[in-house]
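A.B. asks: Sharing the features that TrEMBL gives for it:
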- 1-22: region 'Disordered' (REGION)
- 60-85: transmembrane segment (TRANSMEM)
- 91-109: transmembrane segment (TRANSMEM)
- 91-246: domain 'Sodium/calcium exchanger membrane region' (DOMAIN)
- 121-143: transmembrane segment (TRANSMEM)
- 155-177: transmembrane segment (TRANSMEM)
- 189-213: transmembrane segment (TRANSMEM)
- 225-244: transmembrane segment (TRANSMEM)
- 279-298: transmembrane segment (TRANSMEM)
- 279-399: domain 'Sodium/calcium exchanger membrane region' (DOMAIN)
- 310-327: transmembrane segment (TRANSMEM)
- 347-371: transmembrane segment (TRANSMEM)
- 383-407: transmembrane segment (TRANSMEM)
Amino acid sequence: MGSIEENAGLESDEEIPFSSSPAKRKVHPLDFEIAHLHSRSDAAKSQIFSLMRKRPLRSIYIVLIKAKINVLLPFGPLAIFLHYVTGKHGLVFFFSLLGITPLAERLGYATEQLAFYTGPTVGGLLNATFGNATEMIISIYALKNGMIRVVQQSLLGSILSNMLLVLGCAFFTGGIVHYEKVQVFSKAAAIVNSGLLLMAVMGIMFPAVLHFTHSEVHFGKSELSLSRFSSCIMLVAYASYLYFQLRCQQNLYSPVEGEEENHDDSDEEEAPELTQWEAVGWLAILTVWVSILSGYLVDAIQGASDSLNMPVAFISVILLPIVGNAAEHASAIMFAMKDKLDITLGVAIGSSTQISMFVIPFCVVVGWIMGKPMDLNFQLFETATLFITVLVVAFMLQFGSWVARFLRLITGTLLRVQTQRWQLNMRVALIVELL
């Protein structure tokens, strides 16, 4: 048994947490709040430290392991190993292609993650720069080795691949999935991109026309000077287009009526998986790795052409663009299957616009700095092919609904005729059996 004062002291000690002194002290009402704040701050610090320890592993998992296409990543080091051990250019070229394919897709992913933090303006510039970074790096390495025709044919193949293969596959798969209705898209964005493509084709056509009409004052020098002048004009025009798209006319690319709710829901669901500095770091790492593999890829082109009995033109126009645009192929088809043709056109036509208005003139300017005679003379057949392709795509974007209705009418008529013929054959067979 103790005194009343001792009992009061014990009670006060029990009421005040974190007090080790048995002496009496007055309980302040803020003591409980301060204690809770200290405990919360300690818990927050422990969570931050645990996140700092787990964050690099999580970032590595998201970028290098999570995507299924990362199964092809080991082919890059394997190509380098074969280059120094065997010297078989065919295998080195093939494995380099396989190794660059996931890097191109991951490079686009890191750019999209960084665009969450930079906003639409800087994000658009990043997409313009890194969206076709693989083609740019391969082209710069080829220019350094003096392979000007490889650069021209690979960039031309990228435009044709985006406008014919990617867009055609997207429309085909989207039509199969949504066969019960007509897919619609915003014509305003399609008109702007088509106009830019026609402008780029005109800029590419002038040096070829000057060369094949034999109207040059100084043979070889006049078309080179005209190519450099046209490239500077196209770069200024593309910068103006970016400013127009991202600052002046942000509502131009608004979703089609009836799809606004779906776009809003998809935008709300999207959230960045990487922090800003993680995205910057991965951009740097992936760009360096793509640069290294591109060097081995370019060095193996001629040897692969000789060993595989495959023309360099086929490698440049078909194989290299497919690798550089692998991520765009998959994303365009995926968005078309989700009935988001605006995004599909932005991926396919927008990428072609970037290559024609930015990458090709940029390579001409880089060749000018290197002292390489890189020009816009893509030869007569290739220039005509590009011009016809742009005209066909522009026509389809303007009058695609009429063409679709016409094809649907023809298909329905053929199906009805086939059904009637099948029914007639069944009746004839039934009559023959009865007789």
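Cβ atoms are placed via backbone N, Cα and C, with glycine included.
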A.B. asks: Determine which residues of the chain contact the transmembrane segment (189-213) at the Cβ level, with the cut-off under 8 Å and only residues 6 or more beyond its ends counted.
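C.D. replies: Distant contacts of the transmembrane segment (189-213): 222-224, 226-227, 230-231, 233-234, 237-238, 241, 245, 252-253, 342, 345-346, 349-350, 352-353, 356-357, 360, 375-380, 383, 386-387, 390, 393-394, 397-398.
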A.B. asks: Counting only residues 6+ away from its ends, which parts of the chain sit with a Cβ under 8 Å from the transmembrane segment (225-244)?
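C.D. replies: Residues 124-125, 128, 192, 196, 199-200, 203-204, 206-207, 210, 353-354, 356-358, 360-362, 364-365, 368, 374-377 contact the transmembrane segment (225-244) from elsewhere in the chain.
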A.B. asks: Is it the case that the transmembrane segment (60-85) and the transmembrane segment (279-298) have 3 or more CB pairs under 8 Å, with pairs at least 6 apart in sequence?
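C.D. replies: Between the transmembrane segment (60-85) and the transmembrane segment (279-298), contact is present.
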A.B. asks: With the transmembrane segment (155-177) as the reference, find which of 91-109, 279-298, 347-371 contributes the most Cβ pairs under 8 Å.
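C.D. replies: Selected stretch: 347-371, with the most Cβ pairs under 8 Å.
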A.B. asks: Can you name the far-off residues of the same chain, 6+ from the ends of the transmembrane segment (310-327), with a Cβ under 8 Å from a Cβ of it?
C.D. replies: 69, 93, 97, 100-101, 104-105, 108-109, 132, 134-135, 138, 149-150, 153-154, 156-158, 160-162, 165-166, 301-302, 304, 351
A.B. asks: Near the transmembrane segment (347-371), which same-chain residues lie under 8 Å Cβ to Cβ, leaving out any that are not at least 6 residues past its ends?
C.D. replies: 128, 131-132, 135-136, 139-140, 143-144, 148, 151, 155, 158-159, 162-163, 166-167, 170, 190, 193-194, 196-197, 199-201, 204, 227-228, 230-232, 234-235, 237-238, 241, 325, 328, 331-332, 335, 393, 397
A.B. asks: Which residue counts does DSSP yield for the domain 'Sodium/calcium exchanger membrane region' (279-399) in the helix, strand and coil classes, in that order?
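C.D. replies: The breakdown for the domain 'Sodium/calcium exchanger membrane region' (279-399) reads 103 helix, 0 strand, 18 coil.
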